[in-house]
Amino acid sequence: MHEWALADAIVRTALDYAQKENASKILAIKVVLGELQDVNAEVVEFAMKELLRGTIGEGAEIIFEEEEAVFRCRNCGHEWKLKEVKDKLDERIREDIHFIPEVVHAFISCPNCGSHDFEVVKGRGVYIAGIKIEKEEGE
């Protein structure tokens with residue numbers, strides 16, 4: 001259900017943008033999916049296509065790009081990637097992080113110094129990286 005809510009927000013944003021730009025058609029929507037949130041791209045794509053049906057976005061190409069999750073320790077400055085520690089997380093913890101990415105601090109620590117005080121440098125959320133539109137001739 002979380003993916004449907006994300007898809008709805010993406011579609012509403014794309015349609016609002018297209019309307020403000022007086023677009024006649026949305027040709028493509030590029031969406032970046034942060035690795036940390038572990039969003040199911042297939043479900044988001046299906047939901048987006050359903051939500052775009054009957055709008056100027058129907059038939060738009062949907063492009064996904066996964067953004068690797070990178071962390072930086074505030075204590076020692078060490079940087080590491082989620083894939084380096086992901087195998088230590090069980091399915092329940094991954095589900096918790098999926099819904100509330102901020103809880104990652106409770107389950108992951110810096111592999112260098114053990115601190116839980118780190119920042120997510122990239123790969124946390126979901127955002128629209130681009131919307132390609134078509135305008136009527138003369139606009």
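Along the chain as shown, residues are numbered 1 onward.
Backbone N, Cα and C define each Cβ position, glycine as well.
Residues or ranges marked as Ni(2+) binding site by Swiss-Prot: His2. Around His2 (Ni(2+) binding site), the same-chain residues six or more apart in sequence whose CB sits under 8 Å from its CB are Val39, His98, Phe99, listed in sequence order.
For Cys73, Cys76, Cys110, Cys113, the entry in Swiss-Prot reads Zn(2+) binding site. Neighbours of Cys113 (Zn(2+) binding site), defined as other CB atoms within 10 A of its CB across all chains, total 13.
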Near Zn(2+): residues not in Cys73, Cys76, Cys110, Cys113 with Cβ within 8 Å of the site Cβ centroid are Arg74, Asn75, Gly77, His78, Pro111, Asn112, Gly114, Ser115, Phe118
For Cys113 (Zn(2+) binding site), the three-state DSSP class is coil
